[in-house]
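Annotated transmembrane segment per TrEMBL: A:20-43, A:50-73, A:103-136, A:148-167, A:173-197, A:222-239, A:245-262, A:282-304, in sequence order.
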């Protein structure tokens, strides 16, 4: 049975600002803002603090707008999944037209403000990242292929690139490497989550890797991407873009990521009572990993070993 | 489900709080544009 959002979705109450804020997926946005800010600070050139603040604000608005578009499009699917059923649209606390308009205004405002205040190259990359997430990932890839997370991971990889370009005005090798790090981090991060909410995805027919290829294949693929991530995370040090502070931090953080992935890769669900603790630990660590890695990038900019 | 009579806050309260947030956002935007102009001129 296809889940549908409550009839009261055309709610008689006006939209509460808290529900509009929830549409922007604030927790995801915090990681986006952080990586964007790190890209901006780690860049070799400085811009005026007000323009730097505006650039980060635009990245946050763009990410929030894209997340709101995602929730607007997936309201019916969200209603059918335990993890997402409490969101404003499935709960009927917000009507879809308001959500769509709010998302549209946020996206457009973020791109134009970035263009006028900071630069049109950064604005163009921001626009591409919004389209990538809202259209390429949400509408096209997610319901069609188990590789949705792999290709769609590009959407979350843009913020440090945008931050860097906002500061320097051009694209170089370093921000592309930062993009690649998040791109390769995304599959193990999401597949760890997908392993313990597999039934949710299966229920609404989203072809996540554990649903389509099975748990064993997903676990091995998590390991493959984590192995690839290790040298990639150290690449900024090898190419001389950072110092030893970042390089050594990346080695330790990625080594721990690999150790946790190994534990997940060679284990099997013991039964319905399995709490999936290693998978949950890997998912939690993957978030800490990205925060710590990008924090090391910034610290490296100011501390020389 | 959310009907006005089930909600602890009235339509008026929700509208007021939303308008306040909107007004603050617009004021913050105007201030930001002012400082962006100063930064671009400097």
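A Cβ is built for glycine as well, from the same backbone N, Cα and C atoms used for every other residue.
Simply put, out of A:20-43, A:50-73, A:173-197, A:245-262, A:173-197 has the most Cβ pairs sitting under 8 Å from the transmembrane segment (A:148-167). Spatially, the transmembrane segment (A:20-43) is adjacent to the transmembrane segment (A:282-304); three or more Cβ-Cβ distances between them are under 8 Å for residues at least 6 apart in sequence. Spatially, the transmembrane segment (A:173-197) is adjacent to the transmembrane segment (A:222-239); three or more Cβ-Cβ distances between them are under 8 Å for residues at least 6 apart in sequence. With a cut-off of 8 Å between Cβ atoms, the residues of this chain six or more beyond the transmembrane segment (A:50-73) that come close are 20, 23-26, 28-29, 32-33, 36-37, 40, 87-89, 96, 99-100, 102-111, 113-114, 117-118, 122-123, 126, 129-130, 133-134, 138-139, 155, 159, 162-163, 166-167. Away from its own ends, the transmembrane segment (A:222-239) comes close to residues 173-174, 177-178, 180-181, 184-185, 187-188, 191-192, 246-247, 250-251, 253-255, 257-258, 261-262, 264-265, 282, 293, 297 of its chain (Cβ-Cβ under 8 Å, at least six residues beyond either end).
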